[in-house]
Ligand SMILES: NC(=O)C1=CN([C@@H]2O[C@H](COP(=O)(O)OP(=O)(O)OC[C@H]3O[C@@H](n4cnc5c(N)ncnc54)[C@H](OP(=O)(O)O)[C@@H]3O)[C@@H](O)[C@H]2O)C=CC1
Ligand SMILES: O=C(O)[C@@H]1CCC=N1
């Protein structure tokens, strides 16, 4: 199957890197220099400048522009696509249906880990395209199908934005180690190993049980947990998810 990505930014490239292993991938953008740079990085991708009247008839489109660019790109698309897979944060199915013609509509929320075939992707939309959507996004990581756009917007806050949140935590832990006197390269290597190991444990252990198993009475972890609670980290993460979800809703209401 051929997939056509519209947009050539961070996410389009992340998706393309994984998808080229299983699909023929075409990338359509508006800047030939940027497209050529993508072609250098991912030679399997075919590149194309967007036409004023870009015919998308029967194509399977992965729509990868920013939400605010939807209208300006949509007016250039003609014909009826087979399936439109949108990755736009917040943008509702209804809005996509009004602006781009397709037989089926799917909203997805992948993340940048698609570039290493480890995206956590949430999907919703037309049931007729459910199997194809799961197949495409399973090729670049894990998938969860949800039945409402509200669930997808909350998933956006977790798995779409989440790599940024975890990267902040990772950086802060490494900074803490450097502050305590450990070399930067050692700190960074330890943090990477920490995330890999903890991720494997979290796949089979409840977070609270994992935390309890590390935290001995009056011990080092307990001292650290005390500092984490003083810093309101837990509440900050809850608020971060709420804020990102509300922003997704706000984008969808425009
Ligand atoms: N970044 C992330 O981690 C995630 C992002 N998303 C969603 O993915 C989408 C893309 O985000 P991201 O890749 O980060 O953004 P980027 O800014 O990296 O990419 C946006 C792309 O859209 C293109 N574009 C904008 N306007 C037009 C136009 N009029 N015609 C043709 N192409 C156009 C840009 O072209 P040009 O390069 O020429 O400016 C660029 O290639 C967003 O909707 C976002 O919500 C979803 C999940 C995760
Ligand atoms: O912040 C953003 O706009 C995008 C959407 C999901 C992750 N990043």
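Keep in mind that glycine also has a Cβ here, set from the backbone N, Cα and C atoms.
As recorded in TrEMBL:
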- 6, 7, 8, 9, 10, 11: NADP(+) binding site (BINDING)
- 2-83: domain 'Pyrroline-5-carboxylate reductase catalytic N-terminal' (DOMAIN)
- 149-251: domain 'Pyrroline-5-carboxylate reductase dimerisation' (DOMAIN)
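Each of the binding-site residues 6, 10, 11 was scored by the other Cβ atoms within 10 Å of its Cβ; the lowest score goes to 10. Residue 7 (NADP(+) binding site) is surrounded by 23 other CB atoms, counting those within 10 A of its CB over all protein chains shown. Regional average pLDDT for the domain 'Pyrroline-5-carboxylate reductase catalytic N-terminal' (2-83) in the model is 97. For residue 9 (NADP(+) binding site), applying a Cβ distance below 8 Å and a minimum sequence separation of six or more within one chain yields 64, 65, 66. Same-chain neighbours of the NADP(+) site beyond 6, 7, 8, 9, 10, 11, judged by a C-beta within 8 angstroms of the site's C-beta center, are, in sequence order, 5, 12, 13, 29, 64, 65. Long-range C-beta contacts of residue 8 (NADP(+) binding site), restricted to its own chain and to partners at least six residues apart, with a cutoff below 8 Å, comprise 27, 28, 29, 31, 34, 35, 38, 47, 64. Within the domain 'Pyrroline-5-carboxylate reductase dimerisation' (149-251), the DSSP-based counts of helix, strand and coil residues read 88 helix, 0 strand, 15 coil.
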